[in-house]
Amino acid sequence: MAPNLRKSHPLLKMVNNSLIDLPTPSNISSWWNFGSLLGICLMTQILTGLLLAMHYTADTTLAFSSVAHTCRNVQYGWLIRNLHANGASFFFICIYFHIGRGFYYGSYLYKETWNTGVILLLTLMATAFVGYVLPWGQMSFWGATVITNLFSAIPYIGQTLVEWAWGGFSVDNPTLTRFFALHFLLPFLIAGLTLIHLTFLHESGSNNPLGIVSNCDKIPFHPYFTLKDILGFTLMFLPLTTLALFSPNLLGDPENFTPANPLVTPPHIKPEWYFLFAYAILRSIPNKLGGVLALAASVLILFLIPFLHKAKQRTMTFRPISQLLFWILVANLLILTWVGSQPVEHPFIIIGQLASITYFTILLVLFPIIGALENKMLNY
């Protein structure tokens, strides 16, 4: 009998083991769809980004005009740009749901997979930040100035580091050029890290909503989950295209329709919505270095999650107190996101400070305590 090429060919064999014959738990829910959605987001962003890069000029005098030219004169340039800009929002929606799923169902106990995932998040955040600077509007310029300036809070080397990053004494042409280079490069790094992420995942196999070993009940990935993923793609592309076609600027900042002007500061400098929670934590601390450390900690705390797991059960499926705490954390993050979009004045300052304290308390203190408490409750 002739060998099956799908199973014998060195390259096809890898694809087969990852996407076709992969043994998958039969009970994984739609929360497990977000991984593949992130993959399709990445592919869409790389494709639209490549098409945009063909018409973009990384020069302070031409960047704004080149983006306007793309939207006005390039065939479907407006659509490509709108899909790329709003695609970033959907990328973050998916990654936040994906992290939330991992947190709720204890997927972080696959430490290597979790850690590569956190590195992926950090790389994605860096990519989105440098990408936001490229249209060279007011919010692009001032966002770049404010965020890069945070590095100057690092003792001794801070100022040197910032000027080195800028390529001068302020955000200018060298900054824009290197940000474009980074924005082009980083998505391919993300693609590489994704393969590492999947390699680690396939070492152990997928977790499932019950958090129990599922080796006795696995089904092939294709056709069951390929079909389920295609449904997921459809359900994601529908709101993405709706947003890109009907209200493409809904999530953007009107300030970015004004070309960058170093002499005029916008009344409210704020990042895109997906960074607002971290921005609110940064602003809630009056000290510059303290704010920067809190900002870094707000994301880096994810590396600690596997070590803070004290419960005997892996998932929160049968842990009602942890569930309650989880949804309080979600609400808290939404409050932080809202506060981050508001001006720095009473009552938003105190709300932001309380929400920031709550965020760290829930993750560092309450989750381990409640996990241990639920272990005690299992004995009664």
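The backbone N, Cα and C atoms fix where each Cβ goes, glycine too.
What Swiss-Prot says about this protein:
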BINDING   HIS84, HIS183  heme b b562 binding site
BINDING   HIS98, HIS197  heme b b566 binding site
BINDING   HIS202  ubiquinone binding site
TRANSMEM  34-54  transmembrane segment
TRANSMEM  78-99  transmembrane segment
TRANSMEM  114-134  transmembrane segment
TRANSMEM  179-199  transmembrane segment
TRANSMEM  227-247  transmembrane segment
TRANSMEM  289-309  transmembrane segment
TRANSMEM  321-341  transmembrane segment
TRANSMEM  348-368  transmembrane segment
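Structural mapping of features recorded in Swiss-Prot.
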| residue | record | CB count, 10 Å |
| --- | --- | --- |
| HIS84 | heme b b562 binding site | 20 |
| HIS98 | heme b b566 binding site | 21 |
| HIS183 | heme b b562 binding site | 22 |
| HIS197 | heme b b566 binding site | 21 |
| HIS202 | ubiquinone binding site | 14 |
Rounded Cα separation (Å) that holds between HIS202 (ubiquinone binding site) and HIS98 (heme b b566 binding site):
17
Any chance the transmembrane segment (114-134) and the transmembrane segment (321-341) are in contact, meaning at least three CB pairs closer than 8 A with a sequence separation of 6+?
no
DSSP-derived class (H/G/I helix, E/B strand, else coil) of HIS183 (heme b b562 binding site):
helix
Six or more residues out from either end of the transmembrane segment (78-99), which same-chain residues have a Cβ under 8 Å from its Cβ atoms?
31, 34-35, 37-38, 41-42, 44-45, 48-49, 51-52, 67, 70-72, 117, 120-121, 124, 128, 131, 236, 239-241, 243-245, 248, 251-252, 272-274, 302
Tell me the Cα distance separating HIS84 (heme b b562 binding site) from HIS98 (heme b b566 binding site), rounded to the nearest angstrom.
21
Distance between HIS84 (heme b b562 binding site) and HIS197 (heme b b566 binding site) at the Cα atoms, whole Å?
24
How big is the Cα-to-Cα gap, in Å, between HIS197 (heme b b566 binding site) and HIS183 (heme b b562 binding site)?
21
Using DSSP reduced to three states, classify HIS202 (ubiquinone binding site) as helix, strand or coil.
helix
